[in-house]
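Data block below; observations after.
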Amino acid sequence: MVNILLLYAYFMMYPSWTDSVSVRLVNSNSRCAGRVEVLHEGQWGTVCDNSWDETDAAVVCRELSCGEALQAAVYSSFGPGSGKIWMDEVQCKGSESTLKDCRSKKWGEHYSFCASHKYDAGVRCSDNVPLRLIGEKGWCSGRLEVYHNAVWGSVCDDQWHISDAQVVCRQLGCGAALRADGNSVFGAGEGVVWMNKVECRGNEIHLWDCPLSLNNHTDCSRKKLVTLTCEGHSKIFLKILVLVDGNNSCAGRVEVYFNGEWGTVCDDFWDLTNTAVVCRELGCDETSNTMRAAHFGPGSGKIWMDDVRCNGSESSILDCSKTEMDDHDCKHGEDVGVICSEQKL
């Protein structure tokens, strides 16, 4: 009898809900980033960031078809919500299809420090499956690889057509598709085969928007991998831009996501014009300050960009003059940061 009562108490504290839960991300300029809110009993409410981590964020991103989780945001990084705080102590394993499948406290039950909405959880997702072409003729031709579960993998050529290639070329900023080949023309590669049976119409914005099978396709021969050739040279180098280690989402160290890896930006030649472009790109107010010499703390890993020179009219930092990616003479003590005056709503 005691064991039954203990089991009952456990599931009351960490239920696997069977009722329907809707999830949304709010208060950002991207459909795949923002404060996490869930719908329960006809009312939207927030999630307390107690125990919130990248595993929980990954489940939300997957549920919303937003690709990979890039950040599990805490301390109301996307602004405080209002009303109900529906969830606390979310503990996903990472394999769940929806947030409702993860363990947490009961609906509306949370620790007292959550009540002020100062600790509302958020996420930042990649918005789609990152792509790259591996070949000998530059960024815009080669064997197609997608980034999934933190691993690059190939695409099987079953049902691969020029309409599929058009979406990839456009997503990579490489112009129109010239060829849509299979049979591993650019080599068999190594590792997993993530994707198969892609069926794009050709007008989709991202490959992720097309019907496809995303799994570890062990039955696909390495002689049957997708390759393609686009007409132009890629203009898209940065997958996403974020600010980290600041007090809000509009202040912090500048980091960019490239080739599946986060990296910093060196402060050589960095000025207020560059900062204004970053603030505008992130949907923040352009009134800003530049913080040099790792003011927000040094980053780690790659230093992706150096000698950035913007003229101020650019819509993205990737449009500014700069060195080649990963070409620099800097140390992380020179990581640049910015402070934008406020976030535009």
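Yeah, the Cβs are placed from backbone N, Cα and C, and that goes for glycine too.
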Candidates Cys92, Cys114 - disulfide partner of Cys102 as recorded in TrEMBL: Cys92
Candidate cysteine (Cys210, Cys220, Cys340) that TrEMBL pairs with Cys279 in a disulfide: Cys340
Per TrEMBL, the disulfide partner of Cys210, chosen from Cys200, Cys220: Cys200
Disulphide bridge to Cys320 as given by TrEMBL, partner from Cys310, Cys330: Cys310
Cys200 (disulfide bond): tally of other CB atoms within 10 A of its CB: 21
Per-residue pLDDT averaged over the domain 'SRCR' (241-341), given as an integer: 79
